[in-house]
Amino acid sequence: MTSTVQKLPAPTRPASAKRRPLGVPVIVSFVWLAALTAAAIFAPILPLPDPATSDYAAIALAPFQSLDHILGTDTIGRDILSRAIFGARVSLLVGVGAVAAATVVGGLLGLAAGYFGRATDRALSIVIDILLAFPGIVAVIALTVFLGPGLSTLILGIGAILMPMVARVTRSATGTFANREFVIAARGMGMHEARILFREVLPNVVVSVVAYSMTLVAVAIATEGGLSFLGLGIPAPESSWGSMMGEGRGALQTSPHIVLVPAAIMCITLLSINFIAEFITKRFDIREAVL
């Protein structure tokens, strides 16, 4: 007597989600992020003034007053456009790096909690709740004191803040698939639990986690900006958008562009990331209940 196992069809998305157009805001967001990323990567070879060199003949120059300094200069004559593009290297790297670390660690914890349940879920949920309750800014300050200010400290600190958020979302998404028919069938065939988790469950939750993680990139960039504004970010002479705003706050009344230009660039970047994350959520019909 022989038996056959029928492969269950994968759940289909609604036709409206499959045919959802990009839309102007999403297209503009993709273009902005692509251009910003390219500029940040190739900043050293672009025809830009040295971001650390001062032009003492153009102190606090307003935007569009000189072709040499299109977006103006700061209080010691440094080119704002050049500093903003070089600062994007730091802001984007911290945002992506922190979220990548948080997604890997938090994703694994969430997968384990959501899939195995019971004691594993209770234990990991307690750890996640404790981490969520702990003030994130205190953790970053403590890391800065022990490790010193720097790029790796920011990535580690912000990643630690975001990790329990990713873990909670992954746990929720995993729980919806842990006892589905294809998982039960895989267990019945004698498949190892780890293989079921990574081959059957993970592909079904990865889109939800990636969409949520994209919104966290915006959170990470904003957090880095706030920390750098307070002087807890990248040490001089390197700069980020947050440190540029912090350095210009003393001249806010006389030369507001020193603060407003990096603030505007950060705002547009955060909006672009959120537009794309929202599009992915709708495109793949990710339920808000899962997130």
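Placement of Cβ uses the backbone N, Cα and C atoms for every residue, glycine included.
Per TrEMBL, the features are:
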type	residues	note
TRANSMEM	21-46	transmembrane segment
DOMAIN	88-277	domain 'ABC transmembrane type-1'
TRANSMEM	92-116	transmembrane segment
TRANSMEM	123-147	transmembrane segment
TRANSMEM	153-170	transmembrane segment
TRANSMEM	201-222	transmembrane segment
TRANSMEM	258-277	transmembrane segment
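Contact check: the transmembrane segment (92-116) against the transmembrane segment (258-277) gives fewer than three Cβ pairs closer than 8 Å, residues 6 or more apart, which falls short of the contact criterion. Away from its own ends, the transmembrane segment (258-277) comes close to residues 25-26, 28-30, 32-33, 36, 60, 63, 71-72, 74-75, 80-81, 83-84, 87-88, 91, 211-212, 214-215, 217-218, 221-222, 225, 241-242, 244-245, 247-249, 251-252 of its chain (Cβ-Cβ under 8 Å, at least six residues beyond either end). Using a Cβ-Cβ cut-off under 8 Å and counting only residues 6 or more beyond its ends in the same chain, the transmembrane segment (153-170) has close neighbours at 93-94, 97-103, 105-107, 109-111, 113-114, 124, 128-129, 131-132, 136, 139-140, 143-144, 147, 205, 208-209, 212-213, 216, 219-220, 223-224, 227, 233-234, 290-291. Packing against the transmembrane segment (201-222) from elsewhere in the chain are residues 91-92, 94-96, 98-99, 102-103, 107, 110-111, 115, 158, 162, 165-166, 169-170, 173-174, 177-178, 183, 241, 266, 269-270, 273-274, 276-277, 280-281, 284, 286, 290-291: each is 6 or more residues past its ends and has a CB under 8 Å from a CB in it.
A Cβ distance under 8 Å defines the sequence-distant neighbours of the transmembrane segment (21-46), meaning residues of its chain 6+ beyond its ends; these are 85-86, 88-89, 92, 265, 268-269, 271-273, 275-276, 279.
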